[in-house]
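Some features that TrEMBL has for this protein:
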ACT_SITE  146  active site, proton donor/acceptor
ACT_SITE  174  active site, schiff-base intermediate with substrate
BINDING   60, 213  pyruvate binding site
(Lines of atoms letter the chains of each structure in order from A and count residues from 1; the text may use other names and numbers.)
(Lines give C-alpha, C1' and ligand atoms only; values in the text may rest on other atoms or scores of the structure.)
Protein backbone atom coordinates (compact mmCIF):
# COMPACT_ATOMS: atom_id res chain seq x y z
CA UNK A 1 0.00 0.00 0.00
CA UNK A 2 1.27 3.46 -0.86
CA UNK A 3 2.42 5.65 2.03
CA UNK A 4 -0.25 8.25 1.16
CA UNK A 5 -2.97 5.61 1.57
CA UNK A 6 -1.56 4.45 4.89
CA UNK A 7 -1.31 8.04 6.17
CA UNK A 8 -4.88 8.85 5.20
CA UNK A 9 -6.55 5.55 6.08
CA UNK A 10 -9.82 6.02 7.98
CA UNK A 11 -9.72 4.77 11.55
CA UNK A 12 -12.50 3.61 13.83
CA UNK A 13 -12.08 6.84 15.80
CA UNK A 14 -12.62 8.85 12.61
CA UNK A 15 -16.00 7.18 12.18
CA UNK A 16 -16.88 7.59 15.86
CA UNK A 17 -16.44 11.35 15.54
CA UNK A 18 -19.07 11.83 12.82
CA UNK A 19 -22.11 13.79 13.94
CA UNK A 20 -24.23 14.15 10.81
CA UNK A 21 -24.45 11.10 8.55
CA UNK A 22 -26.99 11.13 5.74
CA UNK A 23 -28.68 7.92 4.60
CA UNK A 24 -28.39 8.97 0.97
CA UNK A 25 -31.15 8.43 -1.59
CA UNK A 26 -30.47 6.43 -4.77
CA UNK A 27 -32.17 8.10 -7.77
CA UNK A 28 -33.24 6.27 -10.94
CA UNK A 29 -33.57 6.73 -14.67
CA UNK A 30 -36.95 5.99 -16.30
CA UNK A 31 -35.88 2.40 -17.03
CA UNK A 32 -34.99 1.85 -13.37
CA UNK A 33 -31.21 2.01 -13.72
CA UNK A 34 -29.21 4.28 -11.42
CA UNK A 35 -29.21 7.97 -12.34
CA UNK A 36 -25.61 8.70 -11.40
CA UNK A 37 -25.75 12.33 -12.52
CA UNK A 38 -28.63 12.99 -10.13
CA UNK A 39 -26.86 10.96 -7.43
CA UNK A 40 -23.73 13.06 -7.78
CA UNK A 41 -25.78 16.24 -7.48
CA UNK A 42 -27.33 14.91 -4.28
CA UNK A 43 -23.87 14.08 -2.96
CA UNK A 44 -22.55 17.55 -3.75
CA UNK A 45 -25.51 19.01 -1.86
CA UNK A 46 -24.68 16.86 1.16
CA UNK A 47 -21.06 17.95 1.17
CA UNK A 48 -22.09 21.61 0.80
CA UNK A 49 -24.70 21.23 3.54
CA UNK A 50 -22.20 19.97 6.09
CA UNK A 51 -22.87 16.23 6.21
CA UNK A 52 -19.77 14.38 7.40
CA UNK A 53 -20.72 10.92 6.20
CA UNK A 54 -23.19 9.03 4.04
CA UNK A 55 -24.74 5.60 4.22
CA UNK A 56 -24.73 4.13 0.71
CA UNK A 57 -27.32 1.51 -0.19
CA UNK A 58 -29.06 1.51 3.18
CA UNK A 59 -32.80 1.26 3.65
CA UNK A 60 -33.22 4.85 2.48
CA UNK A 61 -30.95 4.16 -0.50
CA UNK A 62 -32.93 0.99 -1.28
CA UNK A 63 -29.98 -1.36 -1.09
CA UNK A 64 -32.43 -4.24 -0.66
CA UNK A 65 -33.70 -3.53 -4.19
CA UNK A 66 -30.20 -3.69 -5.70
CA UNK A 67 -28.16 -6.54 -7.03
CA UNK A 68 -24.85 -6.87 -5.22
CA UNK A 69 -23.08 -5.75 -8.39
CA UNK A 70 -25.11 -2.53 -8.34
CA UNK A 71 -24.53 -2.16 -4.63
CA UNK A 72 -20.74 -2.47 -4.72
CA UNK A 73 -20.52 -0.32 -7.85
CA UNK A 74 -22.39 2.50 -6.10
CA UNK A 75 -20.16 2.27 -3.03
CA UNK A 76 -17.06 2.40 -5.23
CA UNK A 77 -18.43 5.28 -7.28
CA UNK A 78 -19.17 7.27 -4.12
CA UNK A 79 -15.68 6.66 -2.75
CA UNK A 80 -13.99 7.56 -6.04
CA UNK A 81 -15.95 10.79 -6.51
CA UNK A 82 -16.47 11.99 -2.94
CA UNK A 83 -14.31 9.91 -0.60
CA UNK A 84 -11.85 12.72 0.03
CA UNK A 85 -14.67 15.03 1.18
CA UNK A 86 -17.02 12.79 3.13
CA UNK A 87 -16.89 9.42 4.88
CA UNK A 88 -18.52 6.62 2.90
CA UNK A 89 -20.24 3.92 4.96
CA UNK A 90 -21.44 1.07 2.80
CA UNK A 91 -24.43 -1.01 3.81
CA UNK A 92 -23.05 -4.50 3.27
CA UNK A 93 -25.25 -6.26 5.79
CA UNK A 94 -27.37 -9.31 5.05
CA UNK A 95 -29.39 -11.95 6.86
CA UNK A 96 -26.89 -14.43 5.41
CA UNK A 97 -23.59 -14.22 7.27
CA UNK A 98 -21.66 -15.59 4.32
CA UNK A 99 -23.21 -13.03 1.97
CA UNK A 100 -22.50 -10.22 4.44
CA UNK A 101 -18.84 -11.28 4.74
CA UNK A 102 -18.41 -11.40 0.97
CA UNK A 103 -20.13 -8.03 0.40
CA UNK A 104 -18.09 -6.40 3.16
CA UNK A 105 -14.85 -7.70 1.67
CA UNK A 106 -15.88 -6.20 -1.66
CA UNK A 107 -16.96 -2.93 -0.06
CA UNK A 108 -13.64 -2.41 1.68
CA UNK A 109 -11.83 -3.48 -1.50
CA UNK A 110 -13.45 -0.58 -3.39
CA UNK A 111 -12.51 1.83 -0.63
CA UNK A 112 -15.45 2.33 1.71
CA UNK A 113 -14.46 3.79 5.05
CA UNK A 114 -16.78 1.69 7.19
CA UNK A 115 -19.51 -0.94 6.93
CA UNK A 116 -23.10 -0.81 8.16
CA UNK A 117 -24.47 -4.12 9.42
CA UNK A 118 -28.01 -5.12 10.27
CA UNK A 119 -28.90 -8.14 12.38
CA UNK A 120 -30.23 -11.14 10.43
CA UNK A 121 -33.86 -10.43 9.53
CA UNK A 122 -36.65 -12.87 8.65
CA UNK A 123 -34.48 -15.91 9.41
CA UNK A 124 -33.87 -14.69 12.96
CA UNK A 125 -31.26 -16.24 15.21
CA UNK A 126 -30.39 -16.62 18.90
CA UNK A 127 -28.47 -14.21 21.11
CA UNK A 128 -25.29 -16.23 20.62
CA UNK A 129 -26.02 -16.35 16.90
CA UNK A 130 -26.27 -12.55 16.80
CA UNK A 131 -22.92 -12.16 18.53
CA UNK A 132 -21.25 -14.71 16.26
CA UNK A 133 -22.75 -13.06 13.14
CA UNK A 134 -21.44 -9.61 14.05
CA UNK A 135 -18.05 -10.94 15.13
CA UNK A 136 -17.73 -12.61 11.73
CA UNK A 137 -18.40 -9.42 9.77
CA UNK A 138 -16.51 -6.94 11.98
CA UNK A 139 -13.06 -8.37 11.34
CA UNK A 140 -12.52 -6.40 8.12
CA UNK A 141 -12.74 -2.80 9.30
CA UNK A 142 -14.74 -0.09 11.08
CA UNK A 143 -18.32 -1.20 11.58
CA UNK A 144 -21.62 0.45 12.51
CA UNK A 145 -24.23 -1.95 13.89
CA UNK A 146 -27.82 -1.02 13.02
CA UNK A 147 -30.69 -1.87 15.35
CA UNK A 148 -34.15 -1.32 13.86
CA UNK A 149 -36.54 -4.00 15.15
CA UNK A 150 -39.49 -2.52 13.25
CA UNK A 151 -37.81 -3.72 10.06
CA UNK A 152 -35.88 -6.80 11.17
CA UNK A 153 -38.45 -8.23 13.57
CA UNK A 154 -35.76 -8.74 16.23
CA UNK A 155 -34.22 -6.33 18.72
CA UNK A 156 -30.47 -6.35 19.29
CA UNK A 157 -30.57 -6.23 23.10
CA UNK A 158 -28.01 -4.41 25.25
CA UNK A 159 -26.16 -7.59 26.33
CA UNK A 160 -25.26 -8.21 22.66
CA UNK A 161 -23.99 -4.67 22.12
CA UNK A 162 -22.09 -4.76 25.40
CA UNK A 163 -20.30 -7.91 24.32
CA UNK A 164 -19.58 -6.53 20.85
CA UNK A 165 -18.24 -3.29 22.30
CA UNK A 166 -14.92 -4.96 23.19
CA UNK A 167 -14.26 -5.49 19.48
CA UNK A 168 -11.91 -2.69 18.35
CA UNK A 169 -13.67 -2.47 14.99
CA UNK A 170 -17.04 -1.52 16.48
CA UNK A 171 -17.36 2.17 15.64
CA UNK A 172 -20.80 2.41 17.20
CA UNK A 173 -24.49 1.68 16.87
CA UNK A 174 -27.33 3.23 14.91
CA UNK A 175 -30.06 2.80 17.51
CA UNK A 176 -33.79 3.12 16.84
CA UNK A 177 -35.12 1.94 20.20
CA UNK A 178 -35.36 5.34 21.81
CA UNK A 179 -33.34 7.71 23.93
CA UNK A 180 -33.42 5.75 27.18
CA UNK A 181 -31.75 2.84 25.37
CA UNK A 182 -29.25 5.30 23.92
CA UNK A 183 -28.39 6.71 27.35
CA UNK A 184 -27.73 3.24 28.70
CA UNK A 185 -25.09 2.77 26.02
CA UNK A 186 -23.52 6.21 26.10
CA UNK A 187 -23.17 6.04 29.90
CA UNK A 188 -20.96 3.00 29.25
CA UNK A 189 -18.89 4.66 26.54
CA UNK A 190 -20.56 3.12 23.47
CA UNK A 191 -20.83 5.54 20.54
CA UNK A 192 -24.42 5.90 19.36
CA UNK A 193 -26.14 7.60 16.45
CA UNK A 194 -29.86 8.15 16.74
CA UNK A 195 -31.78 6.38 14.00
CA UNK A 196 -34.92 8.45 14.64
CA UNK A 197 -34.85 11.94 13.17
CA UNK A 198 -37.66 13.17 15.41
CA UNK A 199 -35.68 12.15 18.53
CA UNK A 200 -32.18 13.04 17.38
CA UNK A 201 -31.95 16.54 18.87
CA UNK A 202 -32.68 15.25 22.36
CA UNK A 203 -30.53 12.17 21.76
CA UNK A 204 -27.57 14.39 20.86
CA UNK A 205 -27.87 17.04 23.57
CA UNK A 206 -29.60 15.24 26.46
CA UNK A 207 -28.80 11.53 26.14
CA UNK A 208 -25.18 11.47 24.99
CA UNK A 209 -25.54 10.42 21.36
CA UNK A 210 -22.71 11.44 19.05
CA UNK A 211 -25.13 12.42 16.30
CA UNK A 212 -27.70 11.10 13.87
CA UNK A 213 -27.92 8.91 10.79
CA UNK A 214 -30.59 10.91 9.07
CA UNK A 215 -33.19 10.72 6.33
CA UNK A 216 -34.32 14.33 6.74
CA UNK A 217 -30.83 15.61 5.94
CA UNK A 218 -31.36 14.50 2.33
CA UNK A 219 -33.76 17.45 2.12
CA UNK A 220 -32.40 20.04 4.58
CA UNK A 221 -28.76 19.16 5.30
CA UNK A 222 -27.92 22.65 6.57
CA UNK A 223 -30.69 22.65 9.16
CA UNK A 224 -29.81 19.14 10.30
CA UNK A 225 -26.18 20.25 10.59
CA UNK A 226 -27.30 23.09 12.86
CA UNK A 227 -29.36 20.65 14.93
CA UNK A 228 -26.31 18.44 15.53
CA UNK A 229 -23.56 21.05 15.88
CA UNK A 230 -24.91 24.24 17.43
CA UNK A 231 -26.18 23.15 20.83
CA UNK A 232 -29.67 22.70 22.20
CA UNK A 233 -32.24 24.38 20.00
CA UNK A 234 -35.80 23.40 20.84
CA UNK A 235 -37.14 26.04 18.44
CA UNK A 236 -35.39 24.46 15.45
CA UNK A 237 -36.37 20.98 16.62
CA UNK A 238 -40.04 21.97 16.66
CA UNK A 239 -39.69 23.80 13.36
CA UNK A 240 -38.46 20.61 11.70
CA UNK A 241 -41.01 18.31 13.31
CA UNK A 242 -43.79 18.67 10.68
CA UNK A 243 -41.33 17.75 7.92
CA UNK A 244 -40.06 14.76 9.87
CA UNK A 245 -43.55 13.51 10.65
CA UNK A 246 -44.52 13.92 6.99
CA UNK A 247 -41.47 11.96 5.82
CA UNK A 248 -42.41 8.96 7.92
CA UNK A 249 -46.17 9.01 7.40
CA UNK A 250 -45.54 6.09 5.00
CA UNK A 251 -42.67 3.61 5.30
CA UNK A 252 -39.32 5.16 4.44
CA UNK A 253 -38.20 5.94 1.71
CA UNK A 254 -41.62 6.61 0.14
CA UNK A 255 -41.86 10.13 1.55
CA UNK A 256 -38.28 11.04 0.71
CA UNK A 257 -38.58 9.79 -2.87
CA UNK A 258 -41.77 11.80 -3.34
CA UNK A 259 -40.26 14.91 -1.77
CA UNK A 260 -37.07 14.92 -3.84
CA UNK A 261 -39.11 14.47 -7.03
CA UNK A 262 -41.36 17.41 -6.13
CA UNK A 263 -38.28 19.52 -5.43
CA UNK A 264 -37.07 18.72 -8.94
CA UNK A 265 -33.72 17.22 -7.90
CA UNK A 266 -34.48 13.66 -9.03
CA UNK A 267 -36.71 12.11 -11.67
CA UNK A 268 -40.06 10.87 -10.30
CA UNK A 269 -39.11 7.22 -10.75
CA UNK A 270 -39.94 4.54 -8.17
CA UNK A 271 -38.68 0.99 -8.05
CA UNK A 272 -41.47 -1.23 -6.79
CA UNK A 273 -42.59 -2.09 -4.20
CA UNK A 274 -42.26 1.61 -3.32
CA UNK A 275 -45.05 3.86 -4.55
CA UNK A 276 -45.54 7.64 -4.39
CA UNK A 277 -47.33 9.42 -1.59
CA UNK A 278 -51.02 10.10 -2.34
CA UNK A 279 -51.92 13.48 -3.79
CA UNK A 280 -53.13 14.98 -0.52
CA UNK A 281 -49.75 14.25 1.06
CA UNK A 282 -47.97 15.73 -1.96
CA UNK A 283 -49.97 18.93 -1.50
CA UNK A 284 -49.11 18.93 2.19
CA UNK A 285 -45.39 18.68 1.38
CA UNK A 286 -45.52 21.85 -0.72
CA UNK A 287 -47.12 23.65 2.22
CA UNK A 288 -44.41 22.38 4.59
CA UNK A 289 -41.66 23.56 2.23
CA UNK A 290 -43.17 27.01 1.93
CA UNK A 291 -43.60 27.31 5.71
CA UNK A 292 -40.07 26.16 6.48
CA UNK A 293 -38.57 28.16 3.60
CA UNK A 294 -37.65 26.84 0.16
CA UNK A 295 -34.14 28.22 0.61
CA UNK A 296 -33.41 25.57 3.27
CA UNK A 297 -34.15 22.66 0.92
CA UNK A 298 -31.87 21.05 -1.64
CA UNK A 299 -32.20 22.01 -5.29
CA UNK A 300 -33.03 25.25 -6.99
CA UNK A 301 -36.36 24.65 -8.72
CA UNK A 302 -39.69 25.71 -7.30
CA UNK A 303 -41.41 22.96 -5.34
CA UNK A 304 -44.48 21.61 -7.14
CA UNK A 305 -47.31 19.16 -6.68
CA UNK A 306 -46.76 16.30 -9.10
CA UNK A 307 -49.72 14.56 -10.68
CA UNK A 308 -50.23 10.83 -10.51
CA UNK A 309 -49.25 10.37 -14.15
CA UNK A 310 -45.97 12.25 -13.64
CA UNK A 311 -44.57 9.26 -11.73
CA UNK A 312 -42.90 6.30 -13.39
CA UNK A 313 -43.28 3.01 -11.53
CA UNK A 314 -40.74 0.35 -12.49
CA UNK A 315 -41.26 -3.32 -11.66
CA UNK A 316 -38.45 -4.99 -13.61
CA UNK A 317 -35.23 -3.10 -13.01
CA UNK A 318 -32.44 -5.62 -13.23
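Cβ from N, Cα, C; glycine included.
Note that the structure is predicted; figures quoted are calculated from it, not measured.
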Using Cα positions only, nearest of the recorded positions to residue 146 (active site, proton donor/acceptor) (60, 174, 213): 174
Residues near residue 213 (pyruvate binding site) in space but at least six apart in sequence (CB under 8 A): 21, 22, 23, 55, 144, 174, 193, 194, 195
Distant-in-sequence Cβ neighbours of residue 60 (pyruvate binding site), under 8 Å, six or more positions away: 23, 24, 25, 215, 218, 252, 253, 256
Count of other CB atoms lying within 10 Å of the CB belonging to residue 146 (active site, proton donor/acceptor): 24
